[in-house]
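*Asks:* Quick one: the structure is below, and I'll ask about it shortly.
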Amino acid sequence: MESTDRSSQAKAFDEAKIGVKGLVDSGITEIPALFRATPATLASLKSPPPPKHLTIPTVDLKGASVVEKIGEAAEKWGLFHLVNHGIPVEVLERMIQGIRGFHEQEPEAKKRFYSRDHTRDVLYFSNHDLQNSEAASWRDTLGCYTAPEPPRLEDLPAVCGEIMLEYSKEIMSLGERLFELLSEALGLNSHHLKDMDCAKSQYMVGQHYPPCPQPDLTIGINKHTDISFLTVLLQDNVGGLQVFHEQYWIDVTPVPGALVINIGDFLQLITNDKFISAEHRVIANGSSEPRTSVAIVFSTFMRAYSRVYGPIKDLLSAENPAKYRDCTLTEFSTIFSSKTLDAPKLHHFKI
């Protein structure tokens with residue numbers, strides 16, 4: 001009966017097409033049962049604070065020893081702040097404002113983009129795993145495939161279309177540079193990862209976390225790793241992102257002008273665990289202001305792609321044999337779409 005009730009609640013929420021923002025605008029003072037996190041999730045939110053020496057690494061793209069530092073961060077943390085990346089602050093600010101502007105619109109302006117078809121060029125939704133998860137998360141999402149074939153401007157939301165296209169081009173250039181540095185950190189030719197098409201595809205995720213009346217009972221986005229080679233995240237100043245490191249949840253406190261880079265599952269697989277995919281989450285927003293973030297994942301996401309990937313042969317040896325079987329990104333996406341967000345994916349490909 002309980003699962004049936006949850007299913008009907010999820011169906012009603014989905015069919016309303018108003019998202020979490022619509023719930024907040026309706027004046028609710030308690031979160032619906034659909035969004036109440038599991039006891040295990042709530043217990044993890046009360047875990048002890050990390051030791052002070054555990055701080056998120058920062059990589060200066062124009063600094064000395066950048067290859068060594070980016071390699072160390074990718075190996076030990078799977079996530080780092082990136083400064084001096086070359087993208088103007090004005091562009092970053094317009095990107096955040098654009099995504100926030102979309103989500104802050106009246107429901108009718110957003111409904112034409114609402115969909116559960118994750119192969120669409122552009123879609124607005126709340127919780128991709130709404131029907132599979134034990135509890136929904138307190139966020140709404142605008143998703144868009146931005147490479148290799150960017151959408152037409154007229155197909156994008158008017159409030160943010162131009163900056164979406166401009167920003168995605170900036171991130172493509174930055175991503176290519178990051179893949180060069182990561183290739184060198186692996187001891188490979190600087191073009192190795194790019195030649196593997198790691199930078200070929202992009203998917204933009206514009207997340208909106210409205211203020212929550214009961215932030216201690218739900219979560220912004222549950223713990224997960226990204227199904228990507230690399231994710232470039234732009235966050236506003238509200239905060240809430242946390243990364244799991246050495247058995248602690250550590251705040252990824254916003255740094256003005258910086259981007260957050262995290263290694264995805266695909267990169268962990270092809271580097272044979274040399275680089276690690278960072279498990280992260282976002283706690284529910286208890287402030288009076290909405291939290292907005294923009295992630296660009298270097299991935300085909302839910303679109304079919306037949307290229308086969310496996311551990312890079314140049315990284316393997318008798319002492320370091322392949323830990324994963326070959327697979328396509330489509331196989332990975334199929335598992336992702338059939339599971340809850342927090343379900344591990346990499347172990348399905350372990351040898």
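Cβ atoms here come from the backbone N, Cα and C positions, even for glycine.
Annotations for this protein, taken from Swiss-Prot, read as follows:
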DOMAIN    200-304  domain 'Fe2OG dioxygenase'
BINDING   H224, D226, H280  Fe cation binding site
BINDING   R291  2-oxoglutarate binding site
*Asks:* Per residue, counting other C-beta atoms within 10 angstroms of the C-beta, which of the binding-site residues H224, H280, R291 reaches the highest number?
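*Replies:* Of the binding-site residues H224, H280, R291, the highest Cβ count within 10 Å belongs to R291.
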*Asks:* In the domain 'Fe2OG dioxygenase' (200-304), how many residues does DSSP call helix, how many strand, and how many coil?
*Replies:* 9 helix, 46 strand, 50 coil
*Asks:* Whole-number Å distance between the CA of R291 (2-oxoglutarate binding site) and the CA of H280 (Fe cation binding site)?
*Replies:* 16
*Asks:* Let's check the environment of D226 (Fe cation binding site): how many other CB atoms sit within 10 Å of its CB?
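*Replies:* D226 (Fe cation binding site): 27 neighbouring Cβ atoms within 10 Å.
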*Asks:* Can you name every residue in this chain, apart from H224, D226, H280, with its Cβ inside 8 Å of the center of the Cβ atoms of the recorded Fe cation site?
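*Replies:* After dropping the recorded site residues, what remains is I221, K223, T225, T231, N262, S277, A278, E279, R281.
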